[in-house]
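Let me begin by presenting the structure, written as structure tokens, before commenting on it.
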């Protein structure tokens, strides 16, 4: 029986995306009535847009335009098709069954044979001319609002320029035409194969034991330093004494938001102030209650990898966040190196609700190369890649996981040695003991090589800013600072277990575990310090 829920980023998302990989039943054999004029319906319509032919029925049937005519799909029983999200979802959550199609947006007139506006101005859909810099600035300036309707990486009139290696030089800027170039022009066999293990979500009693097993203090990189991970921490249910201990041991702590709201649109369409409150607020909470005082929290990952477009990156630059780690690169023959966003990103805006930043930003993108999840890559037919390990839905056994790890390692190691990202939710690794055992076995096998390093994301940037050949890497100072091999005891053995409430979450009492003093209130979006806030009257 088909499962009607798809596993996405370790949480149950009640939506099945329409693709060859989902459980959406295709009705290729059901003829679409002869009285339907496909040519008329498809004129000017995007090829990937699904729409309804009628509002009668149970809201499950939609069609899209193809070269050979209209193709119909039907959502599984119990689901309905959401035109806005372009997915099947639980029927009770779909509010547009009475509509035939997504609202059509008026587009500006950007390309004409002859200029229709003075220099420095562009035409709205109505033909009115406004200043070029007003396009895609987040607020409508055309009467028909068309200046905000063509703002993707490819068409934004104020988009970042294509990579110019003469202007973009290390240590502050790195780009290449297709994203595959090795920094510093080093030969691949002289590049350390960096592997980045990252975890998303709250750090607490449910996963602390797993982190202690993986990073047990006895696994060392070839330079003698302990292996490192990066933890993107969400606030609710996090034990800040445990985060403090991870930081003391040299792991990188980064932010994953305060609220982790499960409304994807909240992130995709979030305002500058939303991103500021969520991410700068999360950093404030971490610094205060995990006592992280060395200004080392410089990374952001968007919940559900729902990138917030230019607004997110404007906030990051203003708040001195160094990098984002939310954008995925489609599976390709050669993986992509991280890059800065001064220039245009070197790959398609893949997933992420297509809200990648289009403008120039002084921020690094620690791009997530999709993993090849085929059981036998030499034989199996092509499958879409997966960006976090737990979204590789076909990986059901330890043996399959082991093959996934080694095949993707080889994809990176035998080409341009771009960092291999292994991104997890701890709950997936804990769901089967064999998954955890296979990961540890893989780590120990890789550490037998003299050219593989398990690093944090900031260590990847440090190497890219100062590309250093393997022969000199044992003395690479940025990787041999005071937290190379950490000994000693935790900051506190018995943290405060503060039972707290906040007016922002009425009826909830939440425990905040911290080695620091208990705040007055549970820290939340309007009150990240927990000191209390006054509501404006």
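Sequential numbering from 1, following the chain as shown.
In case you wondered, yes, glycine gets a Cβ from its N, Cα and C as well.
The signal peptide annotation in TrEMBL covers 1-20. What TrEMBL lists as domain 'Chitin-binding type-2' is 39-99. Feature annotation from TrEMBL assigns disulfide bond to 117-129, 124-142, 136-151.
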When the Cα of residue 129 (disulfide bond) is compared with the Cα of each of the disulfide-bonded residues 136, 142, 151, which one is closest? 142
In the domain 'Chitin-binding type-2' (39-99), how many residues does DSSP call helix, how many strand, and how many coil? 7 helix, 21 strand, 33 coil
Which of the listed disulfide-bonded residues (117, 136) has the least company, meaning the fewest other Cβ atoms within 10 Å of its Cβ? 117
Averaging the per-residue pLDDT over the domain 'Chitin-binding type-2' (39-99), what integer do you get? 87
Cα separation, residue 142 (disulfide bond) to residue 151 (disulfide bond) (Å, whole number): 14
Residue 136 (disulfide bond) and residue 142 (disulfide bond), distance between Cα atoms, whole Å: 11
Listed in sequence order, residues with CB under 8 A of residue 124 (disulfide bond) and six or more positions away: 108, 109, 130, 142, 143, 144, 146, 147
Count of other CB atoms lying within 10 Å of the CB belonging to residue 129 (disulfide bond): 17
Counting every protein chain present, what is the number of Cβ atoms, excluding its own, within 10 Å of the Cβ of residue 142 (disulfide bond)? 22
Round to a whole number and give the Cα-to-Cα distance in Å for the pair residue 117 (disulfide bond) and residue 136 (disulfide bond). 18
